[in-house]
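Asks: Before anything else, here's the structure in question.
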Amino acid sequence: MNDWTWRYEGYDPARERLREALCTLGNGYFATRGAAPECTADGVHYPGTYAAGGYNRLTSTVAGREVENEDMVNLPNWLPLRFRAHSDGTADTAPETAWFSPDAGGLLAHEQTLDLRSGTLTRDFRCEDAAGRRIRVQQTRFLHMADPHLAVLRTVLEPENWSGLLDVESGLDGEVTNSGVARYRDLAGRHLTGVTTGIREPDTVWLHCRTTRSDIGIGMAARTTTTPQPASSRLEPGTAHTRRLLLLPAAPGRPATVDKTVALHTSRDPAVGDPLQAVLDRAGQAPPYADLLASHRRAWHELWERAELDVPGEAGRILRFHLFHVLQTLSPHTAGLDVGVPARGLHGEAYRGHVFWDELFVLPYLNLHFPEVSRALLDYRHRRLPRACRSAREAGRLGAMYPWQSAADGREETQEVHLNPRSGRWLPDHSRLQHHVGSAVAYNVWHYCEATGDTGYLQTRGAEMLTQIARFWASGAEFDPALGRYRIRGVVGPDEYHEGYPDASAPGLDDNAYTNVTAAWVLTRALEVVRALPEPRRRQLFEETGTDPGEPDRWEEVSRRLYVPFHRGVISQFEGYGELAELDWDGYRRRYGNIRRLDRILEAEGDSANRYQASKQADALMLGYLFPPAELAGIFRHLGYELDDDTWRRTVDYYLRRTSHGSTLSGLVHGWVLARVRRAEAWEFCLEALKGDVADIQGGTTEEGIHLGAMAGTLDLVQRGLTGMDPRADALVLDPAPLPELSEYCFTVRYHNHWGLAMRLSPGQLRIDVPASDEPPVRLVLPDRSVTLDPGESCTLELTEP
Ligand code: BGC
C-alpha cells in the first residue's frame, strides 16, 4: 500500500460486495463494480454496470398498492470471463473440469489492488483445480478515461505445474436485473427487454437491448484477442448471452494473455445514430492494450493535475481515494451529458441512482477544479426547471418546486412507501416534503458563479433558477399576525427522522430553521441578481418566468420577516422541537449498540422518532456548514434576529447531544462546524466522515453504493472548511481554522481564470502562490487584513489565533 494504491488481501465472501463497491471503476460516462469476472450476481457477487443518467421506470405492487419506481438501470454485464484447465490437454476432448470460481474451493491466494494514479484494478491470484493443476492469474481492468465508451480487461493465465490447453470463455450477459439492494427485492427489477446478440468474425461478440419504458437503446460489443493465437476459437451467440470460446496453449513461463476490449453506447449519446453500429466500430477500431492503457493513464494524469491535493498521512490517503471516486462519477465527460449528482455514485443501486440535495456537498468542490462539470450539473437542474414549475403549480405555489429525489425528467421520484427492514413493514415516506432541496440548487448556482466569475450564467440560466426558487419560497410563506412573521409550514428539514408532529393527522413540520434561513438567503440573492440585471434582460426574465414586477417587493418583505424559532437560548430545529420528549440515549445505546438508524429501531418497537428530540443528521447545524460565521450572523440580522457566538455555540452543543448520525453527511457537517468553532471534538467527526465508506461505518450501506456527498464534502473540508476559503466574485476570502490533526497540507484551485493557484497551510502560516498569467491580480481578504497578489507573486501570511 502507498498513497496511490489500495490493496485488498485475501478473499472474503462476506465482504466481497463492499470490496466491489470500493473497487468500482468509472469515467463519468459509465461505471462497473469491481466484481470478479467469472462470477454472476448471487448472494456474494454483484457485477453492476451503470451509465450516468440511464434510468427506467417500472411499476410494482407492494403492501397492496401499485407503486412506480424509476431506477438507474443495471446494464448488461461486460465482465464475463472464465477459464479452466482443459480436461486432458488435447483440443478435441470435451472438458470435464469445472470453470474456476473463488467460491468453489481451490483458491490458493488472492490479492486485489486499486491503483488510483492510473485508474486500474488488478487482481492477482492462484488457484488449483480438482486434478491439482495450478494456474496463476493476473487480471487488470480499466474504464477508459479518455475514450469513455471503452472498457478493457486483460487476463494473463499461467500454468504453474502443468502445460497444455486452457479453456477460456469471454462474453456479454444481457440476463441482468436490478437486484443489488436487498430492501428493494419486492420491487420490479427487470428493466431490459428485446435482448438480441450476435457475432462479428473473427473475434467480436455483441449485444443489443432496450430499457422497457425510457426506451434507451443499449449496444455493447466485446472483442477478445489473445497471445498466443488460440488452438481453436468459436463465437457463440445465445438468447441473452454471447461469447467467444477459446482453447489456448500455455505452460509455465509461457502464459496465455486474453485481452477483452468492450465498447458501450446508448441511444442517449450525442453524435450516435445506431448504438450497435457505434460499438462495433469502436471495439473494432480500438488500439491494442498497451496503447489504450497509455492513453487512459495520460487522461488520469491530467485529472490529478487539476485536482492536486497533498495531505499527509492516512487522512491524505483516504482523501485521495475519495477524490478518485468523485472523479470517476463526475469527470470532464460529465460536462457533455445531461446528468445530475447521483447520491451513491455510479457504484450501486441504493437510492436507485437518484439525485438529492447532495450536490450541495459536491459542487463547491468541483467549482474550484472542474467548473465545466459544475455548470453541466446546474444545467441538469435548469433543463428540469419547467418540470419543477409544474410541480409548484400543482402544489398551488408560484415558481419552482424541485423534487427531493430527481432522475430522468425531473418529476418527484421519492418513493411513496419504504421498507423498514427491522420491522418488515412498508411505511409511508414523506421525505418528499424536503423542499429545502430548491435552496441547495440556488446556493450552487450562486457559488458556482462567484467561484468562476461566470456572470453570463448568473444573468441567464442562473437568474431563471434563482427567480423561480425565490418565487416558490415567497409564495409559500404565510403571514402569521400573532407572530408578526411569515411561516413556512408543512415541510421536512434535512433531519429525516422528523416527518410530522407526534399524532398529527397530516405530515410536515412548521418553521424548520434550516429551510427558513436558507429561503431568506435565496430571496435576498434573487433580489440582488434581479436588481443588478440590465433593464431589458430583467424585463425579459420576468416575462419568461411569469414574474409580476411587484413580486420582488414581496421577496424583500419575506426575506426580512421569516420566522426562526428559538427555545432555551438555541435555534429550534423547527417549531415545537424543544417540547418533544427527550430520548434515553444511553439506554438505547446499551440495548442496541449501533443506533444510527434510530428511526427504524423506534418504529420496530411500535414507537416513532417523531416523538423525540433526536435527529438523524445535522439540520440546524447545516447553517454553519453553508455560511461562514459572519455571513450567517448577517442573515439572521437581516431577519431581525441576533445570532451571537454564544447562541451558536449553545446550538452546536444542543444538537450534538441529540443526533444519531444516521447519514454519512452528518459526521462531515459536524466535523466542519466544530472545526469552525475550534472545538477539540472536530477531529473525531472528521475521522468519521473520512472512514464512512472505507470502513463502511453505517454498516452494510457502502456495498450498495458509495456516499458521494460525504466523499466530496471531505475534500471540501480541507479545501474550504479549514481554510475558511470563500471564493467571491471580487476577492478570495480566507479565514483559516486548521485542526491540530490537520494543520499542514497543500492543494491547488482554479479561481476565476487563475489555474493552479496554490495554497500551502502549515502551523501558523498560509502560503499562497498565484501562477503567472495575463489575468488580473487576486485580492485576498483575511479577517484582519487584505493583500493583493499579481499573477506570478506569492505571499506567506502569518496566522494569528483568534
Ligand atoms: C440523507 C439525505 C441524503 C440521502 C442521499 C439520506 O440518508 O438523510 O440527507 O440526501 O441520504 O444521500
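Each Cβ is built from the backbone N, Cα and C atoms, and glycine gets one as well.
Sharing the features that TrEMBL gives for it:
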- 8-268: domain 'Glycoside hydrolase family 65 N-terminal' (DOMAIN)
- 320-715: domain 'Glycoside hydrolase family 65 central catalytic' (DOMAIN)
- Trp357, Asp358, Lys616, Gln617: substrate binding site (BINDING)
- Glu496: active site, proton donor (ACT_SITE)
- 725-789: domain 'Glycoside hydrolase family 65 C-terminal' (DOMAIN)
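Mind mapping these onto the model and telling me what they sit next to?
Replies: DSSP assigns Asp358 (substrate binding site) to a helical segment in the three-state reduction. Cβ neighbours of Asp358 (substrate binding site) (same chain, under 8 Å, six or more residues apart in sequence): Val341, Ala343, Leu665, Leu708, Gly709.
Under 8 Å, Cβ to Cβ, and six or more positions away along its own chain, Glu496 (active site, proton donor) finds Ser431, Gln434, Asp599, Lys616, Gln617, Gly662, Ser663.
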Asks: Across all chains shown, how many C-beta atoms besides its own are within 10 angstroms of the C-beta of Trp357 (substrate binding site)?
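Replies: Its Cβ has 25 other Cβ atoms within 10 Å.
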Asks: Could you put numbers on the helix, strand and coil content of the domain 'Glycoside hydrolase family 65 C-terminal' (725-789), residue by residue per DSSP?
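Replies: Taking the domain 'Glycoside hydrolase family 65 C-terminal' (725-789) as a whole: 0 helix, 37 strand, 28 coil.
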Asks: If you take the centroid of the Cβ atoms of Trp357, Asp358, Lys616, Gln617, the listed substrate site, which other residues of that chain have their Cβ within 8 Å of it?
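Replies: Sorted by sequence, the hits are Phe356, Pro494, Glu496, Ser663, Leu665, Ser666, Gly709.
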Asks: On a count of neighbouring CB atoms within 10 A, which of the binding-site residues Lys616, Gln617 is highest?
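Replies: That would be Gln617, with the highest Cβ count within 10 Å.
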Asks: Please classify the secondary structure at Glu496 (active site, proton donor) using three-state DSSP.
Replies: coil
